[in-house]
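According to Swiss-Prot, the protein carries these features:
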SIGNAL    1-24  signal peptide
DISULFID  Cys66-Cys83  disulfide bond
DISULFID  Cys69-Cys72  disulfide bond
DISULFID  Cys70-Cys79  disulfide bond
DISULFID  Cys73-Cys82  disulfide bond
Amino acid sequence: MKTFSVAVAVAVVLAFICLQESSAVPVTEVQELEEPMSNEYQEMPVESWKMPYNNRHKRHSSPGGCRFCCNCCPNMSGCGVCCRF
């Protein structure tokens, strides 16, 4: 009889644990609001993406006299390394 009451007690405890886990409210995930992306291409002004170059500031150029710039060398379309200096 003692074994039967222990088995019933264990079954009740397990049932109670299962009920507690199934009734727990799940943590709601915070949904990050994302800005809708527009398909419009926004043109940047040339002054904002051309790299300024001053001959007195040698730290902006590499030892070979080349530098990275955009549309600053002849026959260059886009950005790249220019060694005309």
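Each residue, glycine too, has its Cβ placed from N, Cα and C.
Swiss-Prot feature annotations superimposed on the structure.
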| residue | record | Cβ within 10 Å |
| --- | --- | --- |
| Cys66 | disulfide bond | 15 |
| Cys69 | disulfide bond | 19 |
| Cys70 | disulfide bond | 15 |
| Cys72 | disulfide bond | 16 |
| Cys73 | disulfide bond | 15 |
| Cys79 | disulfide bond | 14 |
| Cys82 | disulfide bond | 19 |
| Cys83 | disulfide bond | 11 |
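Between the C-alpha atoms of Cys70 (disulfide bond) and Cys82 (disulfide bond), the distance comes to 9 Å. If you compare Cα positions, Cys79 (disulfide bond) sits closest to Cys69 out of the disulfide-bonded residues Cys66, Cys69, Cys72. A distance of 8 Å separates the Cα atom of Cys73 (disulfide bond) from that of Cys83 (disulfide bond). Annotation note: Cys69 (disulfide bond) sits in a strand segment as assigned by DSSP. Classification of Cys83 (disulfide bond) by DSSP places it in coil, neither helical nor stranded. Rounded to a whole number, the distance between the Cα atoms of Cys72 (disulfide bond) and Cys82 (disulfide bond) is 7 Å. Between the C-alpha atoms of Cys83 (disulfide bond) and Cys69 (disulfide bond), the distance comes to 10 Å.
Between the CA atoms of Cys72 (disulfide bond) and Cys66 (disulfide bond) there is a gap of 12 Å.
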